[in-house]
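K.L.:
This is the structure, below, for whatever I ask next.
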Amino acid sequence: MTTFEEAAQKVKEFTKKPSNDELLSLYGLYKQGTDGDCNISEPWAVQVEAKAKYNAWNALKGTSKEDAKAKYVALYEQLATKYA
C-alpha cells in the first residue's frame with residue numbers, strides 16, 4: 001500500500017496533467033492531511049486560483065488528518081491509472 005508521503009511525491013511525477021478539479025481535490029486533501037482545518041482568511045473573489053484552493057481545503061473542515069491522508073492516497077491511486 002502506498003503511504004501518504006509516497007503518494008504526495010508520486011503525484012508530482014505524473015506524466016500527464018490531471019484536470020483542475022482533480023488537482024483541487026488533491027490540494028484540499030493534502031492541506032487537510034498536513035495542516036488540519038483551513039486556517040487562512042478567505043481570499044477575495046477576484047483571486048480566482050487562491051479562492052478555488054481555499055474552497056477545496058475549507059470544504060474538508062472537520063475531516064481528521066488521518067482520514068484526509070487516506071482519501072488522498074485513494075485518490076492518488078485512482079488518478080495514477082490515468083496519469084502516471
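Backbone N, Cα and C define each Cβ position, glycine as well.
Bear in mind that the values here come from a model prediction, so they are computed numbers and not experimental data.
Below are the features I grabbed from Swiss-Prot:
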type	residues	note
DOMAIN	1-84	domain 'ACB'
BINDING	Lys12, Tyr27, Gly28, Leu29, Tyr30, Lys31, Lys53, Tyr72	acyl-CoA binding site
K.L.:
I'd like to know which of these binding-site residues, Lys12, Lys31, Lys53, is least surrounded, judged by other CB atoms within 10 A.
P.N.:
Lys12
K.L.:
For the domain 'ACB' (1-84), how many residues does DSSP put in helix, in strand and in coil?
P.N.:
54 helix, 0 strand, 30 coil
K.L.:
Which ones in the same chain are close to Leu29 (acyl-CoA binding site), with CB under 8 Å and 6+ residues apart in sequence?
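P.N.:
Listed in sequence order, they are Leu60, Ala68, Lys69, Lys71, Tyr72, Leu75.
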K.L.:
Which residue, out of the binding-site residues Tyr27, Gly28, Tyr30, shows the minimum number of other Cβ atoms inside 10 Å of its Cβ in this structure?
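P.N.:
Relative to the other binding-site residues in Tyr27, Gly28, Tyr30, Tyr27 has the fewest Cβ atoms within 10 Å.
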K.L.:
Mean pLDDT for the domain 'ACB' (1-84), as a whole number?
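P.N.:
That stretch averages a pLDDT of 97.
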